[in-house]
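Feature annotations, reproduced from TrEMBL:
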- 220-302: domain 'Sulfatase N-terminal' (DOMAIN)
- 434-907: domain 'GPI ethanolamine phosphate transferase 1 C-terminal' (DOMAIN)
- 444-470: transmembrane segment (TRANSMEM)
- 491-510: transmembrane segment (TRANSMEM)
- 516-532: transmembrane segment (TRANSMEM)
- 552-573: transmembrane segment (TRANSMEM)
- 579-596: transmembrane segment (TRANSMEM)
- 608-626: transmembrane segment (TRANSMEM)
- 632-650: transmembrane segment (TRANSMEM)
- 707-725: transmembrane segment (TRANSMEM)
- 730-750: transmembrane segment (TRANSMEM)
- 809-828: transmembrane segment (TRANSMEM)
- 881-902: transmembrane segment (TRANSMEM)
- 914-938: transmembrane segment (TRANSMEM)
């Protein structure tokens, strides 16, 4: 139990490590803004963001050959520059706007806030402006203006965001607010004074395309018409401001925060989500330029969405003759700052796109240099923070002489060599960005090494514990080495471990390291101290292995390689469920042929195993989103009863077949309830009837009938208790458990998962039959040896020692346990399961009860697998706790793999799934143990009929 507690603590602590490694905020504070040494060409800037607008739907013509954005196309051809802005996943509204306005990408530490808000304060173009005017969505505008004193803003109520309507009126609302403000300025001197200020930013958030894309898909007429609406709004904003100011000192930027997939969603890195339109015109913006055949010097550059530079412009866009300049989304931030002559936001990592700005060479260099210094300041601040807290600090060598590079740039500017100064500034900026990444990942090597060593140390501890406590190895070593003492004189080892831990903790304290750093290292040092304390046993084990025959070493290596291969297959199955199909197809064939050659007499067991495996292989080819099919659920109820009846018949009529003998209950204690099987079958049938009645009544009357609800709850609850009163033979108890959980599972099923329940049960019975056949085959072969060692194996309830071949049991368990995870969905996200599954128990919204019912449904297949696992340990008389430790050992091999697969880039779903995969494997040390404890209520009194030769003679 000490080892179990240690495992729980270790996995809980190490699970937190991913937040210190992968999800640490890149934002630092303490930098001063870098004031540009040039006058911005624009006095004000308008930022129009069409939320959810795809680049292709914006640029391409409609079915009649007419372009949807005639005004902005005329701007592209006559007044400004254009391109595609590449967003970095997660392509969501908040991170997209943060990239546009603040210049940095999604803060990964936002995962701790459920992606709802940025957890760290940051600078933005709005902060640097003299005044900001903003109108739009209540989800976006307050992020930037809510705490900004020099801002005027307003949002519509959340109730306006109704997916059932055409959401383009939200865009009109934003424009109407701006127009009203300008109209009121004619009567209000304060508003007029505000509007006439320099460095004014106007931001309109246009949500219509996003809402209409979600509700109607981006190919719908409503979405495509919304493109025309935002183009018309851009035209009216331009006319309004040009008519109001009449000074040609306004710059305009039209873009989008993200696109929209064909399914009406966004978030991942697909081009339909990352590619957004960008049109820039007005004061300080270059005019259109014909396409040049000159190759770009940065042709190998890739954007943050991993799309190559200079992607060909689709011919249907009709813009082949005009130069296209693509940018990263964060590059728009320094573009806005440079047009206004403002300091770039201090947290920005964007690169100023020079192709968009119309400045003289001196001002261009100054703009790039200001952009470079701002990024360099972040690097220097991170370097200072890390150096001030490190006893041994490793510099970022490429920027060791950054001050001399700055001096050279200043010298080149002073002599008028602007081209060389520009190139040197851009190189320095690139190095500063590399330096930011260097310090963002500065502790990665240390932390990942500590965590990996910790997991390896934990697995070595498990191996040593299993070898010492559950195998005959200590006895063999004692016979070979009489001087060997199991009790090691390990006091000196623990003393050295404590001293090492103390020294490391003092170093971490001096470096002001987070408290969890102490926990990671302390846990790892403790584990390896524990391992080294067993040095005598390890040395004896090494001598024992060296003394074994070569065939044994080959067998050990072969089992290790096969085990790792299967575990890697399981790792990939988390994203590719189809692998289970191949796994069970191959297993069915191999097991069938093996049993044909093993079982000497004619038997239907090989065929049964083959059919069961192939039947289960079908389900992982089916969609994870289960379609409704009540008829299939009802048919599944009949199938479950047939399976139960067949198992009952075998239990009563197979006493002459020695391959069934030990799992049946002929001479064991009979149940006090001889009609129990019939009652359970009746409840399964009644549950099937209630599936039909409850669903049809709810569909017709839009509500769940109270009587139906009461009956459903009663059937599900009562059936769970009945297995406790069944016979205590292995097959009869497992059959009762199978029938006992079936009504609840049927009532929570909406489609093919009800059939999966029966298919999984057939494979579990196949596993038991396979193990039982192996047991009898080995018993017949070694009957004389068993008679000679009767004192070791004769007691019916004694556990035998684990053998190398027993590794197959936890391996098969891991496969079946993961099939229970992913057989009918993606357990990594409960959202992938239909909430309609609970509608036969409750329809009134109750999140906790509904979630509890969903989780209970997901746990039922695990209960079957654990019960079969427990039954096999009793059948083979192997120690269940020893096999549990082997299960944890194997699962931690997968845990290490998932540790390195955690992602902090990509869609929120991809990031969340990578975390949940790691979390699921880390939690198995507790999860499996809890299920073993719960199912022990059902399996603890299972009795196995002895089939040893002596017992058969006595009979």
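In case you wondered, yes, glycine gets a Cβ from its N, Cα and C as well.
Computed from a predicted structure; not experimentally measured.
The average per-residue pLDDT of the prediction over the domain 'GPI ethanolamine phosphate transferase 1 C-terminal' (434-907) is 82, rounded to a whole number.
Taking every listed stretch (444-470, 491-510, 516-532, 552-573) in turn, the largest tally of C-beta pairs under 8 A with the transmembrane segment (881-902) is reached by 444-470. A contact between the transmembrane segment (632-650) and the transmembrane segment (730-750) is present, since 3 or more of their C-beta pairs, 6 or more residues apart, lie under 8 Å. When Cβ-Cβ distances below 8 Å are used as the criterion, the transmembrane segment (579-596) is approached by residues 569, 572-573, 603, 605-607, 609-614, 616-618, 620-621, 763, 766, 770, 773, 815, 818-819, 822-823 of the same chain, each at least six residues removed from its ends. Within its own chain, the transmembrane segment (707-725) is flanked in space by residues 671-673, 676, 679-680, 683-684, 686-687, 690, 693-694, 697, 733, 736-737, 739-744, 747, 840-842, 937-938, which lie at least six positions past its ends and keep a Cβ under 8 Å from the stretch. According to DSSP, the secondary structure content of the domain 'Sulfatase N-terminal' (220-302) in residues is 29 helix, 17 strand, 37 coil. Distant neighbours of the transmembrane segment (914-938): 4, 7-8, 11-12, 14-15, 18, 111, 574, 723-724, 733, 737, 817, 821, 827-829, 859, 862-863, 866-867, 870, 880, 884, 887-888, 891-892, 894-895, 898-899, 901-903; these residues of the same chain sit at least 6 beyond its ends, with a Cβ under 8 Å from one of its Cβ atoms.
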